[in-house]
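Presented below is the structure to which this report refers.
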Amino acid sequence: MSLILFAFVVRVGDGLPLSASTDFLHNKELQERKQQLKVISKSLSSLPERGTVKGHELNIHFLSSEGVSYMTVCACSLPAATAFCFLEDLRWEFTACFENSAVALASRPYPFLEFDSAIQKLQQHYNQKGGPSLEVTLAEVQEDLRTSPPQVLTMEDVALSNGAANGHVEQTSASGQSQRLEPISAPGILSLVLNIMCAALNLIRGDDYDGLWNVVAFLLAFLCCVCQCHLYLFHTCQKKLKSFTLLTLIILCNAFLFGLRNIWQLAFHMSVACLSTLLTLHRKLLDKNMDCGV
């Protein structure tokens, strides 16, 4: 089985495709990763020189140098050091064939399509041999990654970077509504209904008890349920941190209310919070339907 499935060379400034390997596979996740490559290529000017976007079975790695970015889609089982070693070799091959001036003057997509044969040859070598021919090269890359590891990104990070690069960072980060999320699923509707029910119960029962801290716990749990609904419905930055913060607060509030609520009531409220957190983290941004294959 091939571990390096696709390679892509783009210009950093505007994301212009320069060359790519020929794709003969019709793997669904591979096609999704290739669409994501196109999105990432538009944001390279505001991204670090080295980065990784992890997927379920396939990862994206990219390396930018001298105005050109070298990107690849690899199996998750391929070590990061080997993937970046492949990108380093790809960079050397490309710079040996084309000058910076030729890259800067390129005006149409895939002006260096003939470089495809060099990509295929290098890709085949890595898939058959499992790595570079010189162990010292791999050792150097491993040491470099230990001292300066690539930044692990999500597609949300890329979307925010793309907004910043195009001057829309305030609109994107302030409301998150300019970014389209996947359609609300049936479990999502269920979690919203249950969250609203939990919020109403917290608000109603918060008025039934004496004691300042009991009232605070009920009202804080009410606010957290409302925030969970908002977090599921709208895109926002640092979604993972906010989701786990809300989940932790709900669990702590319900633990404090032990005695005022029985064990089944506590289990219900905590289960709804966990379900809402899980669905929020799994609701992704919609990718543009663009394919960068040739």
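Along the chain as shown, residues are numbered 1 onward.
Each Cβ is built from the backbone N, Cα and C atoms, and glycine gets one as well.
Note that the coordinates shown come from a computational prediction; the quantities given were computed from them, not determined experimentally.
The signal peptide annotation in TrEMBL covers 1-15.
According to TrEMBL, the feature domain 'Longin' maps to 8-119.
Annotated transmembrane segment per TrEMBL: 184-205 (among others), in sequence order.
TrEMBL lists 211-234 (among others) with the feature transmembrane segment. Sequence-distant contacts of the transmembrane segment (211-234) (same chain, six or more residues past either end, CB-CB distance under 8 Å): 175-177, 181, 184, 188, 191-192, 195-196, 198-199, 202-203, 205, 242-243, 246, 249-250, 253-254, 256-257, 260, 269, 273, 276-277, 279-280, 283.
According to TrEMBL, the transmembrane segment annotation covers 241-257 (among others).
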Exercise. Quick one: DSSP breakdown of the domain 'Longin' (8-119) into helix, strand and coil?
Worked result: 48 helix, 28 strand, 36 coil
Seminar exercise, completed: Other same-chain positions with a Cβ less than 8 Å from the signal peptide (1-15) and lying at least 6 residues past its termini are 21, 23, 25, 27, 30, 33-34, 37-38, 41-45, 58, 64, 67-75, 77-78, 82-83, 86, 90, 94, 103, 106, 112, 115, 119, 122-123, 126-127, 130, 292-293
For this session: Report the mean pLDDT of the predicted model across the domain 'Longin' (8-119), rounded to a whole number.
Result: 89
